[in-house]
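Just below is one structure, and these are the notes that go with it.
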Amino acid sequence: MTPLRGACNAARRSLVYRRATSASRHFASLHAGPANQSSVNPDEIAHFSKLSQAWWDERGEFGLLHKMNPVRIQFIRQKMLEMRREDGLDDVNMARPLDDMDVLDVGCGGGLLCESLARLGGRTLGIDASASNIAIASLHASADPGLTSTRKGNHTLTYEHTSVEDLLAQRGPKSFDVVCSMEVIEHVDNPAAFLTNCATLVKPGGHLFLSTIARTPLSYALTILAAEHILRLVTPGTHTHSKYINPDELTDFFLRLDSDPASQSAVADPPEVRRPWISRLYGSVPARTEAEMRGIIYLPWKGEWMLVPRGAAGASAWAEACNYLFWVRRPFE
Amino acid sequence: MATSVPQQSDIVIVGGGPAGLALASALSSQPAIRDTLRVVLVEASDLSKVRNWNDGPSTFSNRVSSITNASQAFLQEIGVWAHVDEGRTCPIEEMQVWDGVSDARITFSTQDDHASFLPDASPQSQMARLTENLNLQRALLRHLDSNRTVELVDNVKVQSIVREEREGGGWPLVHLSDGRVLRARLLVGADGFNSPVRAYAGIESYGWAYNTTAIVATLFHKPRTSFQAQNTIAYQRFLPTGPIAFLPLSPTASSLVWSTKPHLAKALLSSDPAVLTSMINAAFRLPEVSLRYLHQQILDSVSNGALISSQQLREEISWRGRSHHIDPRSAYSLTADTEGVPPEDADALPPVVTSIQPGSAAFFPLRFSHADDYIGDGAGARTVLVGDAAHTIHPLAGQGLNMGLGDVESLFNCIHKAVTNGGDIGSRTALLPYARERYFENHKIMSACDKLHKLYSSTSEPVVWARSVGVEVLNELDSVKAAIMLNAGSRSSRTPPSGRQIGANFAADAVESIARSVAGVSTLTTGVAGLVGEGLQRVLQTVANSQRR
C-alpha cells in the first residue's frame with residue numbers, strides 16, 4: 001500500500017490549504033461553526049505547479065491516484081443509484097447516474113475525478129486553489145470532445161481557479177446536487193470550517209462525498225513511517241498523522257451539523273427542533289439512507305484498488321484502518 | 001483530401017478478422033456501450049465475400065478452429081452463436097494423441113474433466129466444437145448487421161497512423177485510403193501478425209519462424225459404421241517433422257492440419273492429390289522409419305522431375321505395411337477391406353481418407369511471436385493489441401483463435417467497466433487489467449505449445465531416447481492436456497457469483513493473485529515485469545536489498 005501514498009500525497013497537495021502550524025490540534029475537537037476562513041498557501045501552490053504536468057502521466061507520480069479513481073466513481077455511482085431507487089425514481093439512467101445534476105469537485109487537481117463525473121452525465125465544475133492545476137485540467141479536457149461538446153446530452157465540464165469559500169460567496173448556498181472532495185480534508189487547516197462550507201453548497205436532498213485517511217497505527221505505519229521515513233517516497237513532513245480523521249469523527253460531525261449549516265441560529269435551537277444530517281446511530285453505524293462509509297484498499301498484486309464490499313467480514317475494520325470513502329446526504333427541507 | 005477534418009471516434013478497430021469482428025460484436029451487444037461510444041471497424045478486404053459465403057453442405061472451408069466451450073459461451077452471451085450455422089459445426093467428444101516414435105498414447109475425453117464433478121458444474125457433452133472460420137466470421141457479420149451500431153468500413157486500407165500534435169499528448173489519427181481521417185480515443189490493433197497498429201504503438205514483438213509449414217486441407221472419407229462412435233474424435237500424431245491432426249467436421253468430412261518441413265510440404269502439394277491422400281493415411285499409420293523413407297521418395301521424385309504415381313506409392317505403402325507385420329485385419333493396415341465389420345482397434349485411428357476436396361489443400365509458414373506489451377505507451381498511447389497482432393502461435397493445440405477470443409472478452413470487460421465508472425477507455429488505467437489478465441495466460445499456452453514443438457523436433461539423442469521411452473512424452477502430453485482442458489476452457493465456468501459469495505471470492509481472489517504474481521516473478525524475467533504490481537515489486541526489491549546487506 002505504501003507506494004500509493006507517494007502519488008496521493010502529491011495529489012493532496014493539489015488542494016493545499018495552509019498547513020497546520022500546530023500539529024497537536026485534533027479533529028476530534030471539531031465543532032460545526034462559522035466558516036469564513038480562506039486559507040490558500042502560496043508556497044504550496046508554487047510547489048504544486050511544478051508537478052502539475054505530471055497529473056496525466058499514468059505511469060508517473062500520480063499512477064496510483066489514476067487507479068484509485070474508478071473505485072471512487074464506483075462508490076459514487078452505487079450510492080447515487082441506490083438513493084434514486086430510495087426516492088422512488090424509476091427512470092434511472094444506469095449509464096449516466098448523474099444526468100441533469102449540478103456537480104462540484106472541490107480540489108480537482110488535474111481533473112481526474114471531474115472528467116469521470118462529467119462522463120456520468122453531471123454538469124461538472126472543478127475548482128482548485130492552484131492556477132496551474134486548473135490550466136492542466138482544462139487543457140486535458142479540451143482534447144476530449146465528449147467533455148467539451150454538448151453533442152450527446154448536455155453534460156459539460158468547466159474549471160475555475162477559486163477556493164470553496166469564494167465559491168460559496170459567489171454562488172450562494174444550496175447550489176449543487178453533488179459535492180465531492182477527495183483526499184482533501186486531512187490537509188485542511190480548519191476541517192470544521194471546510195466541511196461546513198462544502199455542506200452549505202449542497203442542495204437539500206443532495207449528496208456530499210469525501211475520502212480521507214483514518215488515524216490509526218496502520219495508517220501511521222504506511223503513510224508516514226514507511227512512505228516518508230523508510231522508503232522516502234514522500235518528502236518527510238508531508239503528512240501530519242494527528243490531522244487524519246477517523247470515520248466516527250466524521251459521523252459525529254454530521255450528527256451535530258444542522259440540516260441548514262448556514263443558519264447560525266440552528267446551533268442554539270432546542271434539540272427537538274434541530275434536524276441534523278445524521279439523525280441517530282444504530283450500533284455506531286448511521287442509517288444507510290443518511291450516511292455510509294466504505295474502506296478502500298490497494299491490492300499491490302493486482303495493481304488495483306478495491307472497494308471493500310458491504311457485509312464483507314470485518315468491513316468496518318477495513319474502513320477504519322486506512323483509506324476510506326464517506327457519503328452523507330443533506331436532509332430535505 | 002489531405003486536410004480532411006478528422007472524425008471523432010471512440011473505438012477504431014483495425015482488422016475485420018475473427019478477433020476484430022468479435023470485439024465489434026461484443027461492444028454492440030452491450031447497451032451502455034452502444035449508447036455512449038462510437039465504434040468504427042476498418043477492413044482492407046471486401047467483407048461481402050464473407051457475408052455471402054455459402055458453401056454447399058458437402059464442401060468445407062480449409063481454415064477451421066476448435067472453438068472451446070469457454071469461447072462458445074462468450075459468443076452465446078454476446079448473441080453471436082445464434083448466427084452460426086451449427087449444422088456445419090461438429091462437436092469434439094474425444095481426442096487421441098500419440099507419439100509417432102514410441103506410440104505412447106493418451107486419450108482425453110469429456111469424462112476427464114475432473115472439474116465437472118464439482119457440485120455446480122453441469123456435465124459437458126463436448127470438449128470443443130470444430131467450426132469453419134468463415135462460418136464464425138459470417139455469424140459475426142450477421143450479428144453486426146442486425147444491430148447496426150458499429151460502422152463497418154470495408155474495402156478501405158489504413159494508409160498511415162500518425163499522432164495528433166497537441167500539447168499534453170495527442171490521440172491517434174488514422175488516415176484511410178478513402179481520404180477520411182479517424183481520430184481515435186482508443187485504437188485497437190486486430191490487424192494480424194504484421195500489425196500496423198503495433199508498429200505505430202512502437203511495441204516490439206519477439207519470436208521466430210519455425211522451420212515448419214502447416215498443410216491444411218478438407219478430407220473426405222467413408223462414414224463410421226454403426227458399430228463405431230460417430231466421427232467426433234480428433235486425432236493427432238506427433239511425428240519428428242511435426243504433428244499431424246485430423247479434426248472431424250461431418251460424418252464424411254474432416255479437416256487436416258499437418259505441420260511438417262517446408263520442402264516436404266511443397267513437394268506434397270505439387271504431387272498428385274492421390275499421393276497426398278495416401279501420404280496422409282500413411283502418416284497416421286506407418287512406423288516413423290517408413291515415413292521417413294516415403295518422404296525421401298517424394299522429395300526425390302519431385303527433384304528428379306519424375307513424379308511418383310499414386311499407384312506406385314500405394315504399392316510401396318502396402319509393401320511397407322506387410323514388412324512391418326501390420327495385421328491386415330487391423331485398422332493400421334491400408335490394404336484391409338474397409339467393408340463390413342470394422343476392426344477392433346478402429347477407434348484408435350481416423351477413418352481412411354478417400355479423397356481431398358479439390359482446391360482445399362494449402363500451406364502456410366508457422367511462427368511464434370509475442371508482443372512485448374499489449375498496450376501502447378507514451379507516443380503510442382491509446383492503442384491496444386488483440387489476437388494475432390499480439391501473439392501468433394503454433395497451431396498444434398488449436399488455440400490461436402481461442403486466445404484471440406479470450407483477448408476480446410477480457411478487453412470488452414475492461415471497456416465495459418471503464419464506461420460504467422466514467423473512465424477514459426483509451427487510458428492506460430482502463431486497459432491495464434486487460435494486459436494483466438491476458439499476457440501471462442497467453443504466455444503459458446504459447447510456452448507449452450512451443451516447448452512441445454521443440455521437444456518433438458529435437459534430434460538430440462537423449463531427447464529422442466527419452467521420447468521413445470515415453471516418459472517425457474507422457475509428461476508433456478499431460479501439460480498439453482492441462483492446457484487444452486483447463487486453460488483453454490473446455491469447461492465454461494461463467495456462473496456469476498452470488499451476493500454472499502463475494503466476500504469469500506475476495507479472499508480466494510487475493511490468494512490466487514498472489515500465487516500468480518509470485519509465479520510470474522520467478523518464471524518470467526522480461527516482458528511481464530511491468531505488469532506485476534508496482535507495489536509488490538517494490539516490496540520484493542526492498543526485501544532483496546535488505547537480504548543482500
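The backbone N, Cα and C atoms fix where each Cβ goes, glycine too.
Curation plays no part in TrEMBL annotations; they are all automatic predictions.
Source: prediction; values computed, not measured.
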Which residue of A:M83, A:M94, A:M182 does TrEMBL report at the same S-adenosyl-L-methionine site as A:R72, A:G107, A:D128?
A:M182
Neighbouring CB atoms within 10 angstroms of the CB of A:R72 (S-adenosyl-L-methionine binding site), all protein chains considered, total 25
Rounded to a whole angstrom, what is the C-alpha distance between A:R72 (S-adenosyl-L-methionine binding site) and A:E183 (Mg(2+) binding site)?
11
Which one of the binding-site residues (A:D128, A:E183, A:E186) has its C-beta surrounded by the most other C-beta atoms within 10 angstroms?
A:D128
How big is the Cα-to-Cα gap, in Å, between A:E186 (Mg(2+) binding site) and A:D128 (S-adenosyl-L-methionine binding site)?
16
Residues with Cβ closer than 8 Å to the Cβ of A:M182 (S-adenosyl-L-methionine binding site), same chain and 6+ apart in sequence?
A:R72, A:D105, A:G107, A:L113, A:F209, A:L210, A:S211
